[in-house]
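Some notes on the structure that comes next.
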Amino acid sequence: MSPGVQTRSYGQRARNAKNPAAKTLLDTMERKKTNLAVSVDVTKSEDLLAIIDAVGPYVCLIKTHIDIVEDFDSTLIAKLQNLERKHDFIYFEDRKFADIGNTVALQYSSGVYKIASWSHITNAHVVPGPSIIKGLASIGLPLGRGLLLLAEMSTAGSLATGSYTEAAVELARQNQDFVIGFIAQRRMEGLGAGPEEASDEDFLILTPGIGLESQGDSMGQQYRTPRTAVLESGSDIIIVGRGIYGSDPKAIDAISGKARRYMEEGWKAYVERLV
Ligand code: S5P
């Protein structure tokens, strides 16, 4: 584990970032003073846009599952991009690619959603091995996109542990131009590496399974607080979904109030970590 990364500011890390999506994200975090990503998992485009508009001032990143939107049409993308400009954040389509290189390249670039054309960041499981990164990079790298690998999951009984997690870190290490970090529950630098390899590593750690009021759901999700994730586990970005919009996706004032609260909690923990 390299001790330096967690105590370096987002702004300092932005200056060293080689991947454009990672750099933009870190710069946005520093500028807006937020390490909050909101995961907007709703099925109507009207709700999706209203929630993004409500939480926009408080986030560095909006995470989407575009394939759950029932009334999707291509005009939605332009509307999402208007909100990106209005509020100064970037998009992360949580596609969790998991196929051979040729197939994921098509899934990323084509079809109805054309993910690579609008989403700055996406993610992939490492089950297929290095070919999945090669396939996604063939589309994403020329566009300046970044990839996160799922090194761990938040769910009870997750199989992404031990040598699987270490293998994910090794794959990231070999593809640092495109792989910008991990979906994980703790820091990953140095995992499975000698001290030399670990010394200049800087991977973004994005952590889902965050909630202030709940311990989990009925389907295996497990929640920790922003403070635990950022201060104790060294996470860089907290991903919050139902903790913000869960009780009523139409209660826009309550949603923006909750986003502000998560932003404040996340930032406070980060500032404490720096000193
Ligand atoms: O390990 C994971 C990885 C991800 S990307 N656990 C997760 O929960 N996620 C995603 O984060 C999940 O797909 C969902 O979109 C979000 C968590 O939502 P919440 O409502 O439980 O906060």
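Backbone N, Cα and C define each Cβ position, glycine as well.
Taken from TrEMBL as is:
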- 35-255: domain 'Orotidine 5'-phosphate decarboxylase' (DOMAIN)
- D41, K63, S154, Q221, G241, R242: substrate binding site (BINDING)
- D94: active site, for OMPdecase activity (ACT_SITE)
- K96: active site, for OMPdecase activity (ACT_SITE)
- D99: active site, for OMPdecase activity (ACT_SITE)
Residue from K63, S154, Q221, G241 whose C-alpha is spatially nearest that of D94 (active site, for OMPdecase activity), among the binding-site residues: K63
Across the domain 'Orotidine 5'-phosphate decarboxylase' (35-255), average pLDDT on the 0 to 100 scale: 97
Filtered recorded positions, from K96, D99, G241, whose Cβ is under 6 Å from an atom of ligand 1: G241
Beyond the site residues D41, K63, S154, Q221, G241, R242: chain residues whose C-beta lies within 8 Å of the centroid, for substrate: S39, P208, G209, I239, V240
Residue among the recorded positions K63, K96, R242 whose Cβ has the most other Cβ atoms within 10 Å: K63
Assigned element (helix, strand, coil) containing R242 (substrate binding site), judged by DSSP: helix
Integer Cα-Cα distance in angstrom, R242 (substrate binding site) to K96 (active site, for OMPdecase activity): 19
Spatial neighbours of Q221 (substrate binding site) that are distant in sequence (at least 6 apart) but have CB under 8 A: S154, T155, G209
Which of D41, D94, all recorded positions, has a Cβ with the fewest other Cβ atoms inside 10 Å: D41
